[in-house]
Amino acid sequence: MTLPPIILAEAALGVLLTALAALTLGGQGALVTALVFAVWIAGTACNIWLVGRVGGAAAGIAPLVLGGTILVMWEIAVRGYGVSGVILPPPTAIAAKIATSVSILWEDFVQTVIKGALSGYAIGCIAALVTAVIVDRFDFLRRGLLPVGNFVAALPVIGIAPILVMWFGFDWQSKAAVVVVMVFFPMLVNAVEGLRATEPMQRDLMRTYAAGYWSGLVKLRLPAALPFIFNGLKIASTLALIGAIVAEFFGSPIRGMGFRISTSVGLLALDLVWAEIVVAAITGSAFYGAIALIEKRMTFWHPSQRGRG
């Protein structure tokens, strides 16, 4: 049986780095390096087998295999090389911290995600959609507002967050305001472009049916704009969580993901920092995935969805 070239390349790299580790770190370092690369090669081989045997059904399994491979390599490397938990805790220590800090993590989740990120996300996206319809109706607004929007979208969140915290206070309202600023203009730009995505022939056909502006908007332009709108919603979903967490670095009550991360770093409690990061990553991925799933159901007719499982 012929091994895939990528397996041979990884094995060669593993042998080379193991030899270097033996020269610089001694026998234990070489053993740890060899184990890390053995796990990586096994994970790669498993994914290649899954794709070859299972085919399209492996799309959901392969990322789990890759993630598990990385976690095992992380655990082996941290414990084998004797890395301090202050610098990088092993995954098992992070999992144990999550299990013993459920109440703290839930309180921070409610403060940051539900109160700050989701409220700001909803307000910003709805306001952007309404504004997009108005901008589409009056062309002079598009020429004047979108350049301003591009300018505001380029502002660094780390610069505007302290100002909005001073304006709206230290509770979740200021974090929601930061999220609104971050998501509004990306959503607006995508929605405006989507409303202009219809073909002239389609618009002419609506006019021959004596369809007014609002009828054409509901029956033609909004459905055609859905892929653009969902693209904006997905972009905004990642920006919302980032904005809410970063805003908490500049003042918040004694709860919240950003507050907990900043204070835990000062206390060298890196296991709690990583626990918050894990919760944030899972939340962001689930939020993005939910939007992508709704998009797939609502825009099944669009060419971008054809051929997807």
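One is the number of the first residue shown, and numbering goes on along the chain from there.
Even glycines carry a Cβ here, placed using N, Cα and C.
These features come from TrEMBL:
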- 121-299: domain 'ABC transmembrane type-1' (DOMAIN)
- 6-23: transmembrane segment (TRANSMEM)
- 30-50: transmembrane segment (TRANSMEM)
- 56-74: transmembrane segment (TRANSMEM)
- 118-136: transmembrane segment (TRANSMEM)
- 148-170: transmembrane segment (TRANSMEM)
- 176-197: transmembrane segment (TRANSMEM)
- 228-252: transmembrane segment (TRANSMEM)
- 272-294: transmembrane segment (TRANSMEM)
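It is 118-136 that, among the stretches 118-136, 148-170, 228-252, forms the most Cβ pairs under 8 Å with the transmembrane segment (176-197). Long-range contacts of the transmembrane segment (228-252) within the same chain, counting only residues at least 6 positions beyond its ends with a Cβ under 8 Å from a Cβ of the stretch, are 111-113, 116-118, 120-121, 124-125, 128-129, 157-158, 161-162, 164-165, 170-171, 174-176, 178-179, 181-183, 186-191, 193-194, 197, 258-259, 261-262, 280, 283-284, 287-288, 291-292, 294-295, 298-299.
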